[in-house]
Amino acid sequence: MEKSDERLVCEEKSISKYPLTMWEVSAAFGVVFAYGLGLLGVYLTMPSSDYSFLKLPRTLDDLQILRDHLESYTSDYTLQVLVGYSVVYIFMQTFMIPGTVFMSLLAGALFGVFRGLALVLFTATAGASSCFFLSKLIGRPLVFSLWPDKLTFFQAQVAKRRQNLLNYMLFLRVTPTLPNTFINVASPIVDIPYHIFFLATFIGLIPAAFVTVRAGIALGELRSIGDLYDFQSIATLFLIGIVSVTPTLMSKN
């Protein structure tokens, strides 16, 4: 057994004996409180109105209702909408809340392809980074309890590809080989340097983000989320992923 695998086994045993400390729990609640303050600040700067429509979209119908209400606010209160959108998206990424695909569609619907893409890349990378550092602080028990097999596989793959780690991380970001949520949480556990994580996240999310943001412009034509990724789109993402990981494969020969 390699040293890295032995370290993971030892950490798993120690985690079962020593849960989160009070300081770690307090730090996590502090992060939640900070995001809450950010949302409250945005709310207080908005005009008096009925905001009952404001909720996280769970269906395309929810998203279209939210888009219809926010379009007028976006033109008159652009800064507030941008800040509110960013805080919500980063919060969802940080705490692994499902539904960011709807937020990406919303960015395209409200801001167009290029501004929407820039916004999604910023918020997705910031949210993934926030999740990375929060996991580094308190994430080990969660990863070991939820994804023990995936973590062992991930650790082994990272250990084999240390010399071309950026290419491997790009491959993971572009393709659905491992869930992005898992990558965000597990990366600090397996000692992936943050600069590698950051670059792979920012660059690797561009293809999928572009597809989703562009689809947001024609939101009314979507019938399901599955329409976003047809065979051609998935094949293209895998092709990009294979190109990104080619230097890693060649180095093994």
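Just so you know, glycine gets a Cβ as well, placed from its N, Cα and C.
Automated prediction, rather than curation, is the source of TrEMBL annotations.
Straight from TrEMBL, the features:
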type: TRANSMEM; residues: 21-46; note: transmembrane segment
type: TRANSMEM; residues: 87-111; note: transmembrane segment
type: DOMAIN; residues: 97-216; note: domain 'VTT'
type: TRANSMEM; residues: 118-138; note: transmembrane segment
type: TRANSMEM; residues: 194-217; note: transmembrane segment
type: TRANSMEM; residues: 229-250; note: transmembrane segment
Using a Cβ-Cβ cut-off of under 8 Å, list the residues of the same chain that are 6+ residues beyond the ends of the transmembrane segment (21-46) and lie near it. 73, 77, 80, 83-84, 87-88, 90-91, 94-95, 130, 134, 137-138
Composition by DSSP (helix, strand, coil) of residues within the domain 'VTT' (97-216): 100 helix, 0 strand, 20 coil
Mean of pLDDT values spanning the domain 'VTT' (97-216): 91
